[in-house]
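S.K.: I have a structure here, written as structure tokens, and I will follow up with some questions on it.
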């Protein structure tokens, strides 16, 4: 009964993770449309890719016992493909300055860290138990970093009082996936799977709380309307002073409209 429940939770976790990995499609459809990455950050996608790489390796027979963690391999394999695609699109549409930033993050975090983890675990450790502990420890750090990466976005939400750059579905599916994998890890008696999700679950809840708090505060507030008469052009102009950042400062941007 315990193994069946564990497998069932693993299947649900796969479904939730699939929704989490595909949620950025909405974000990148906006990037395609505007041909710009705007204020979106690449860091969460890089950390998610690292997490997928580590846990795919963790679930393979070289680290785990036979195919006991097959659900990890299947869903994280899909995650590797999707996150790599998102990072490529982000890199393509980002500014030259952002391209450098992506490279600075991607190379040491993904290429070096994952490469060293795979080589060391395969070559240095002979005992499967020690190999699993080593890869699991790296995965623990990677997962906490992945779940913690939205903290940068949450800080921006609090400062701007806008959830424009923190999509709801990404936050919701992050909470759902971390909750299910927490249950899977506990049922498997595997702290390397359960521990990072003990961090991810409350962070997902925090994101949802912030979204509910600021979701209705995205529309710029028109605070001042001034009209003036232009004798030379014989037209009337309306000057709208807009509080874009919702911080009470009505001098953020001005727009002139002829009428």
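Each Cβ is built from the backbone N, Cα and C atoms, and glycine gets one as well.
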S.K.: Pick from 6-28, 213-235: which stretch is listed in TrEMBL under transmembrane segment?
M.R.: 6-28
S.K.: Are there residues at least six beyond either end of the transmembrane segment (105-125) with Cβ under 8 Å to its Cβ atoms? List them, or say none.
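M.R.: Same-chain contacts beyond the ends: 42-43, 46-47, 49-50, 53-54, 57, 62-63, 87, 131, 134-135, 138, 142.
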S.K.: Is the transmembrane segment (137-154) close to the transmembrane segment (40-58), in the sense of at least 3 CB pairs under 8 angstroms with a sequence gap of 6 or more?
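M.R.: The answer is yes, given that the two segments have at least 3 Cβ pairs within the 8 Å cut-off.
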